[in-house]
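A.B. asks: Sequence annotations record features per position, and here TrEMBL assigns active site, nucleophile to A:172. According to TrEMBL, the active site annotation covers A:337, A:370. According to TrEMBL, the feature substrate binding site maps to A:241, A:371. Residues or ranges marked as domain 'AB hydrolase-1' in TrEMBL: A:68-376.
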C-alpha cells in the first residue's frame, strides 16, 4: 500500500512554538507523527518522542464543525471501530454501534478513533522501534497513564485542527479515557459517554490485572520484554486473555453458552488433562486468537495504566477533579458486570452528582456481563442516540 | 520421629476377601496403607494401588461409638484440621471451628480428618513414589474423582472398624465430598454438613480452574509433571494460587483490606512493573506461601476432580442421586461468595428439597466471600453446634 507524506506546521502546546506534524495513510488507516524532539511530557514528568498515532475516521465534518465524536477504545481495541464500507473485509470492534444509520450515525456525525498510546495497532507503544537504538522499546518503554493516552489524542486533534468536539465516547478502558478527557479538557467537548468504566479500579480489578501480567512475565519467552526477534510469550498472553474473558462475562451467560457441556467424550477425561469442556475450548480459542493480533508488552502497559488511574492522585482530590467537568455526562452501567460491578458504578454516579455534574445515569439490565456494551446494541440504541441528539441540537442553537 | 508398624486383617470390600491394612504413625499423623495388589477400583474403572492415607484424630470415640465426625478438607487443606494441644506448633486449617469447647467440640466428639486421595500431605497422590518404577507418579497418576476420594476415606474408616458416623462435614471441595458421602453411603451417617459447595461446578468455575491449570502447565519447570528431582513449577503454581485467592474473597473484603493502597511510593510505579499495590504484595506472598507447602500436580488433579464432579453422570440423574440421601442435611451458603454464588447454592437447596431430603438451609450474611467458612466462626457456631447436638441427641435415643 502506498504511503503519502504531508508535512504541515501548526501552533501547538499553547506555547507559541511550532509543532511539526507529519501525516500519511495506509488504506483506511491514517497516521500522524509528532514530538520528534522527544518533547512530549508524560504524567510521570519524563519526556518522550517521537509519537505516531494511528487513527481512522468515518463520516464527514459538517461546515459548523459541531458533529465530531471521538471514540476511545478498550484494552485490546484499536482504531478500526467500524467497517468503512460494506466491502471492508475487516470487522470493526463496534460495528453494532457505529455506522450509517446506527446509533452513532456516521451519516450525521464525524467519528474519529485512534489506537491508544502504548498500543500495538499503529500507535507508538512498546513494540515500536526506538529510533535511538533501532530496536523495539520493549520494557524500556515508559510507564504511561490514562492521562498520557488522552494527551496524545489531544495532539492528534490539534494536528487535525479540531479544537472542539461534540462528544467523547468510550467503554471500559475507553470510558476511563472519556472521563479523563472531561476532567483534563472541560471546555473541549459538549458531552461524555462513559460505559461500564469506574472512577478507578478497586483492589479486585488490580488483582486480576496483576495475575494476567504475571502470566505474561512468567513466560520464559517474554525475555524481559525483548522478544520481538524471537518467539514471543504467546502462552502467557493467552492465559492472560483467558482470565480476562472470564471477567468480561457473567456466570449466567457462561452457563447459557457452555454450561458443563463437554467437547470430548467423558471417557477421554479419564485419560488426560488435554480433554476439554466447551468453556475450556472457547477460552483456549480466545487466548490463541488474541496472540495473533496483540502484543504482550502492550497488555502489560495498558493494564498498568488502568491500575494507576486515579483522579485523586492527579488532581489533588477526586472531588476537585470531578468539579472541573463541564460536559453533559452519560454514565451507563451493566447490571451483571463482574469486572466493574454495579456498586462501583453507583459510587461513581454519586460522586458525579455530588460534584454537580449534569448527569444521565442508566443501568442496562443484562446477563452479558461487561461485554454487554460490545454485543447488545438494542439496549443502548435509544439511550446513546438520544443523548447525542440532545447534545447536537444544543450545539445547533448556540 | 519413630515409626511403628502394625499389621491387622479385616474383612473388606464386602467380597469376603481378606484386606490387609498396614498402620503406622509419625507424631500426630497416622497412616494406613491398603490396596497392595493394585485392586482399588476407581470411578474410571481403572484399578490402582497401593494407597496410603494420612489422617489425624481428635478427642475419643465414646463407648456407644456414636460421636464420630468425619471432616473432609478443601483444595489445599490437609489432615491437620486443628492443633492437637496448645503446644502443637502447627496451626490447623480449621482451628477456629474444631477443638475442645469449640463448635465442633473435641471434648464431646471424636473427629477424624484425612488428607484426600490425590493430595500431597501424606496420602497417595501424584508426588508419591510409584513402587513399580521407584519414581513419583507425576502425570502418570490416574485422573481421579470426588467419588474416589470418598471411597478412599471409606477404606480408612473400615480399617479403623468404624461402620457408622454421626456426621460428615466439609466446605468447598470438602463439601463435595460430604455430599458424595451422603449419596454413596446413605446409611453410613446421621448427618451431613455442606458449606459453600455447590451440586456441581458451573462454566465459570471450570473456567477459573482451567486458567489455573494452564498457568501451572505453561511453566517450563512443570516438565510434563516430572519435576520432582528438579526445580518445580513454582511460578505457575504461584500464579494459580493468586487467582484462587481472588475468587475466595469478595471485592468488598478486598477493598476493606487493601483498597488502592500502595506498598511502594507512587513515583516508583513510573519506574518499573516491580512495584506493588498492597493487594499485589498480598497475592505474591500467598502465591509463594502455597508453593512451599503444596504440590503443583496435586493442584491439577484436585481441580480436575472438582470439574468432573457431577452426580448426574455418576448416578444416571441428579434427582436419582439426591433421592438416595437419608442423612439430615445442613447446607450453608455465603452471601458474598463469588466462587460458588448464592444462585448456585439456592439451586442446590431446591434440588435437595425436591428430592425429599431432610434439609436445614442457612445463608451466612458476610463480606468475606468464599473464605468466610475459614474465618468467621462466630457466624457458624450456633448453626453447626445445634445441628450436631440434634444429631447426637437423636443417636442417644435410638
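Cβ atoms are placed via backbone N, Cα and C, with glycine included.
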A.B. asks: Of all the recorded positions given, A:337, A:371, which has the fewest Cβ neighbours within 10 Å once its own Cβ is left out?
C.D. replies: A:371
A.B. asks: For the residue listed as 'active site, nucleophile', which of the listed recorded positions (A:241, A:337, A:371) have their CA atom within 10 A of its CA?
C.D. replies: A:371
A.B. asks: C-alpha of residue A:337 (active site) to C-alpha of residue A:241 (substrate binding site): distance in Å?
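C.D. replies: So the Cα of residue A:241 (substrate binding site) lies 17 Å away from that of residue A:337 (active site).
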A.B. asks: Long-range same-chain neighbours of residue A:370 (active site), Cβ under 8 Å, sequence gap at least 6?
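C.D. replies: Spatial neighbours, sequence-distant, of residue A:370 (active site): A:172, A:196, A:247, A:248, A:249, A:334, A:337, A:338, A:339, A:340.
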A.B. asks: Determine the Cβ neighbour count for residue A:241 (substrate binding site): the number of other Cβ atoms within 10 Å of its Cβ.
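C.D. replies: By my count, 26.
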A.B. asks: According to DSSP, does residue A:371 (substrate binding site) sit in a helix, a strand, or coil?
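C.D. replies: Going by the DSSP assignment, residue A:371 (substrate binding site) falls within a helical segment, counted as helix.
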A.B. asks: With every protein chain in view, how many other Cβ atoms are within 10 Å of the Cβ of the residue listed as 'active site, nucleophile'?
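C.D. replies: If we count other Cβ atoms within 10 Å of the residue listed as 'active site, nucleophile', we arrive at 27.
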A.B. asks: Would you mind pulling the DSSP three-state label for residue A:241 (substrate binding site)?
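C.D. replies: Note: residue A:241 (substrate binding site) is helical by DSSP.
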A.B. asks: Please report the three-state DSSP label of residue A:172 (active site, nucleophile).
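C.D. replies: In three-state terms, residue A:172 (active site, nucleophile) counts as coil.
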